[in-house]
Each structure stands twice: as C-alpha cells, then as structure tokens.
Amino acid sequence: MILDAQHPLSSGLTADSRLIQAYQGVRPDVTPVWFMRQAGRSLPEYRELRVGTRMLDVCLDPELASEISLQPVRRHNVDAGIFFSDIVVPLKLVGVDVTIVAGKGPVLGKAVRTSADVDELTALDPAILDEALAPIRDAVGRAVSQLGSTPLIGFAGAPFTLAAYLVEGGPSKDHIHARTLMHAEPEAWARLMAWTADVTGRFLRAQVLAGASAAQLFDSWAGALSLVDYAASVAPASAAAIAHVRDLSYSVNGADRNVPIVHFGVGTGELLKEMHNIGADVVGVDYRVPLDEANRRLGGAVPVQGNVDPALLTAPWPVLEAHVRDVLERGRSAPSHVLNLGHGVPPDTDPDVLTRLVSLVHDVSAAE
Ligand code: CP3
C-alpha cells in the first residue's frame, strides 16, 4: 500500500533526512544519532510531567505521549524522535490485564502457562484494535506535526519478548517458563505467537499510517534463545508481525521505497543473521558485538544501528569519547550506520552527557 500524500515520507519532509537515508543504506554526510529510551527518566522535564500519573494512562493520553516524545528531540538535537509508548500498550488495548510497575516493568494479572490459558488469551479479538488504537494514532499525529523534517520512529515489541512477559507473568531473568511452553506445548506456543504477532503488528502499522517514518521491532529478550529455537519457533512470528508494515511504501523522485524496518535485540550476537532474514532492513546491535564484527556476521550489506555501551555514559568524558570514536570507526565498515546505544538510556544518565554525545557524533562523522 502506498502511504498517503500527507505522510512525511511521501510529502518529502523526512525522506531525505539523515536517518532515513542511512536506514535506506545510503551513507549521509553526517552519521545520524538517536537513543533507545531517550524519552524517559533521564530527563527532569519528563519526571516533572509524570508526577502522580500511571505509565499506561500516560501512554493513552495523546497530548502527554506526544509531548514526551518531543522532549528529547528539543533538548539533544537527535536525528529522530521515538514515539513514547510501551510494548505492552497493544496488549492492554486488546483487553489483557497488564500494568507497568515503576522500577520493575510490565506485570500481568494472570500468567499464560497452559494451552487452556492460550485459548482464553487468544479469544480476545485483535480486530478490535483498529478502533482501540485511536489514541495512539492521535498521539503520533500530534508528535509528527511538531517534528517537521525530523522523522518519528514507531516501534513494537516482537512476539517473543511480549510472550516472555505473558507467560512469565512479569519480568524474568531467563524466561524459563516461556522456553518450556515452546517445547512442551508447541501447538499452543504457535497459537500464542501468531496472536501476539497480529496484536503487535497492528500497533506498529497504526503508528506508521499515522505518520511515523520508520518502524523498529524490539526483541529485547530473544538473546535467551538458541539459534535453532529462534529460527524454528520465533522468527516466523516476528516475520508475521513486520508483515503488517512490510507492504507500506512511498516514492521519491519516481522510485518506490519501503518504509524502513529496524530489528533490535539484546544479547543476540548469535542471531544477527536470522534477525535480518525475517525481512528487516536494518539490524540494531547491542554493546556485546563490535559493529565491524556484526557487519561481517551480516554479510557486509546491511545497515547497522548501535552500539555505545550505556555503562560508559557515566564514565569520565574522555573514556566515553574514545569509545564513541571507536564505535563510529567500526561502523564505517557497514554500508551505513545510525549511532545509538547498545540498549536503553539508564535512568541515572546525566542528560547533558547525551547532548554532548550527539554533537560529538555529528562533529566527528562530518570531519571524516
Ligand atoms: O524513548 C523511548 O525509547 C520510547 C519509549 C519506550 C518505553 N518503553 C517507555 C517506558 C520504549 C521504546 C519502550 C519499549 C520497551 N518496553 C521495551 C523494549 C526496549 C527495551 O528496553 O529492551 C521493553 C522490554 C519494555 C517493557 C518495559 N516497560 C520495561 C522493562 C520497563 C521499565 C521498568 C522500570 O521502571 O525500570 C517499562 C516501563 C517503561 N517504558 C518506562 C518508560 C519510560 C518507565 C516507566 C516509568 O517511568 O514509570
């Protein structure tokens, strides 16, 4: 489907931005930079807005969600906004009993542990999301109208990461119940993954149709899986999730382009090639694998995103600077590179360090 003429990719507002060029495999004059979790607790203006509110209520308030999405863009001069929301928002909207507990993460009213639990969950009809996602479309529209030529990135959780919360009932270290269900009840697992792919795929598509210029699928916990399990029991559902946006296109100077899709995971060094193979355009790399090695594993033709170690954000500046220069240098081996962190911004990060890091990336890459 072709995006409508008002979409910022179709109208040309964001199609030539550094971020979209890099995501399309073209190396721009300056390396673009944004940060996972750039909107959030590292910003005093965010903490101020959040006093007395609940996370999921904020996500469903279009005015607040768009304002919070814009805060880091105003402050840091990053090359993209990321939509402020959460991977469990579409679960909440489809009728799952889920809350977000501060300092902990998503917690479910009831863990999905058996085939009967999967029946109960999947009886919730993902089609109701087309209406229920209205506040998300509204929030994206508001953010995009303020962002002008700075692209907004939409995102969703990958089916495995969402299933990890659903099956565990909350955050967990090794996702052992999810991995047990995968093997003990493969048929129930497949139904759980297909349903989750549909729910999260609709969330992602709604954001792109409402004006997001790129889409990122977060499979934060896929690093808990072996390559064989990932390929057999997870990758097909991730492909089904991004199929919801894979058909979306726009044209620049008469050439058709697809809306770029980024795929990111933590501890997924062994899975990088499979994560690209689901149909992603760009692979996000965590801090464990250097970008030149990630590029080699990906075959040398895939744009990469990453991978400054978040732990170094609180190290002395010269230590961080040397690390960022090294990341930029290694990123030059790939066709194009978007600088990011290897995982989200830690809450105790000094926001001025992030602002300084953005100018360092722009200055160093412009001089090369
Ligand atoms: O700036 C951005 O990146 C946009 C916002 C964003 C949030 N969550 C806001 C949020 C994004 C992209 C996410 C995705 C998300 N949510 C992921 C994938 C990315 C990752 O970090 O691996 C995951 C695994 C979740 C689930 C989740 N939600 C966790 C682990 C937490 C943290 C719990 C905590 O308080 O430490 C949340 C809550 C959450 N999502 C917060 C924010 C700003 C904190 C809520 C608060 O301030 O009360």
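Don't overthink the numbers, they just go from 1 along the chain as shown.
Just so it is clear, glycine is given a Cβ too, placed from its N, Cα and C backbone atoms.
Small disclaimer: the values here were computed from a predicted structure and weren't measured.
In TrEMBL this protein carries:
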- Arg37, Gln38, Ala39, Gly40, Arg41, Asp86, Tyr165, Ser220, His343: substrate binding site (BINDING)
- 32-41: domain 'Uroporphyrinogen decarboxylase (URO-D)' (DOMAIN)
- 153-169: domain 'Uroporphyrinogen decarboxylase (URO-D)' (DOMAIN)
- Asp86: site 'Transition state stabilizer' (SITE)
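Within the same chain, the residues at least 6 positions away from Arg41 (substrate binding site) whose Cβ sits under 8 Å from its Cβ are Arg47, Pro347, listed in sequence order. In this structure, the CA atom of His343 (substrate binding site) is 15 Å away from the CA atom of Asp86 (site 'Transition state stabilizer'). Comparing Tyr165 (substrate binding site) with Asp86 (site 'Transition state stabilizer'), their Cα atoms are 13 Å apart once rounded. Local packing around the binding-site residues Arg37, His343 was summarised as the count of other Cβ atoms within 10 Å of each Cβ; on this measure the leading residue is His343. Its Cβ placed at the centre, Tyr165 (substrate binding site) has 26 other Cβ atoms within 10 Å.
Other Cβ atoms within 10 Å of the Cβ of Ala39 (substrate binding site), summed over all protein chains shown, number 23. Residue counts for the domain 'Uroporphyrinogen decarboxylase (URO-D)' (153-169) under DSSP (helix as H, G, I; strand as E, B; rest coil) come to 10 helix, 5 strand, 2 coil. Max Cα-Cα distance over the annotated substrate binders (Arg37, Gln38, Ala39, Gly40, Arg41, Asp86, Tyr165, Ser220, His343) is 23 Å. Here the Cβ of Asp86 (site 'Transition state stabilizer') has 18 other Cβ atoms within 10 Å, regardless of which shown protein chain they belong to.
Helix, strand and coil residue tallies for the domain 'Uroporphyrinogen decarboxylase (URO-D)' (32-41), in that order: 0 helix, 1 strand, 9 coil [DSSP]. Mean model confidence of the domain 'Uroporphyrinogen decarboxylase (URO-D)' (32-41) amounts to 96 (pLDDT, 0 to 100 scale). On a Cα basis, Asp86 (site 'Transition state stabilizer') lies 10 Å away from Arg37 (substrate binding site).
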